[in-house]
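So the structure is just underneath, and the comments pick up after that.
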């Protein structure tokens, strides 16, 4: 008799995705982040669901309801901080996952990569709307500043912003719809994750060498299930350390002040994981130009397969390209730092140079470096 996991229509899908899936024998710990992202999504959906049971999306009570969750609901404080810091952990895993994809040429699986870029946009939208919900000062002013960027769109901009706001400013209607979308989007993300996996399993995983590994595959279970469990343990430990020892480390103190439309905070800035894009936005003096640069800083990822000029897929054996990659990482860290600084000298010029370097590296320097390497290898 055939094993039920191989014959049952539902179990067969799970079996082919997580148990009997052929996987390259040499994938490193950099391939752990996909499963870690799945765990992050599960944590976010579960903690978010329980938070939504006690949260009220009304401007008069939103801030108080979050305070009530932390003070009066059983283990409400841990739910709230798991959710807030879980988002940070989500983005850490997301950035590392994308970095792995860039380094090892995983973007050559175009469908998987493009769905991944759409996922990134969806996660960023969800995180932004979630940050508005506690209705603190940074929530209110962050929502005002970021939604206001749409007014830079010619002709329809102003109408579009007022349509999103549901009025003439960020108010009750805005908060209610942001809560609705913040609740809905994670389920759309979950559906996109399934599409992401569907495309991945069409081709199979890449591996550090970038060479096809069809001749040397091993079953996903038990080898990579146990490896993923170790990764999950380390990540959950890191998350719990953050939540239990310094839950407000990555947050903004201004968000403990209730939203006040009459009082602007000295430095309006988003959560740390958006700072690199925020720095690119601020480095261009023109409003529309800044918005375009902001969108292109993420959208540029879709061009990665087109910008791949090397004869090799992975950067594993390409030292010059490795230098360019780590320069890009350093540049993104610089942009993240600049995004959190006030708009004054010398931060303005540093931000502008880092923004130029970001686009220059991806569009010009990395493709040229790859061509140089091809010539050095006489390919």
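In case you wondered, yes, glycine gets a Cβ from its N, Cα and C as well.
What Swiss-Prot records for this protein:
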- 83, 182: heme b b562 binding site (BINDING)
- 97, 196: heme b b566 binding site (BINDING)
- 201: ubiquinone binding site (BINDING)
- 33-53: transmembrane segment (TRANSMEM)
- 77-98: transmembrane segment (TRANSMEM)
- 113-133: transmembrane segment (TRANSMEM)
- 178-198: transmembrane segment (TRANSMEM)
- 226-246: transmembrane segment (TRANSMEM)
- 288-308: transmembrane segment (TRANSMEM)
- 320-340: transmembrane segment (TRANSMEM)
- 347-367: transmembrane segment (TRANSMEM)
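For the transmembrane segment (33-53), the residues of the chain that approach it from at least six positions outside its boundaries are 69, 79-80, 82-83, 86-87, 89-90, 93-94, 96-97, 100, 182-183, 186-187, 189-190, 193, 228, 231-232, 235-236, 239, judged by C-beta separation under 8 angstroms. Comparing C-alpha positions, residue 201 (ubiquinone binding site) sits nearest to 97 among the binding-site residues 83, 97, 182. Taking CA atoms as the reference points, residue 182 (heme b b562 binding site) and residue 196 (heme b b566 binding site) are 21 Å apart. Of the recorded ranges 77-98, 113-133, 320-340, the transmembrane segment (288-308) has the largest number of C-beta contacts under 8 angstroms with 113-133. Taking all protein chains in view, 21 other C-beta atoms sit within 10 angstroms of the C-beta of residue 196 (heme b b566 binding site). Around residue 182 (heme b b562 binding site), a 10 Å sphere centred on its CB holds 21 further CB atoms from the protein chains shown.
Across the structure, residue 83 (heme b b562 binding site) and residue 196 (heme b b566 binding site) are spaced 24 Å apart at their Cα atoms.
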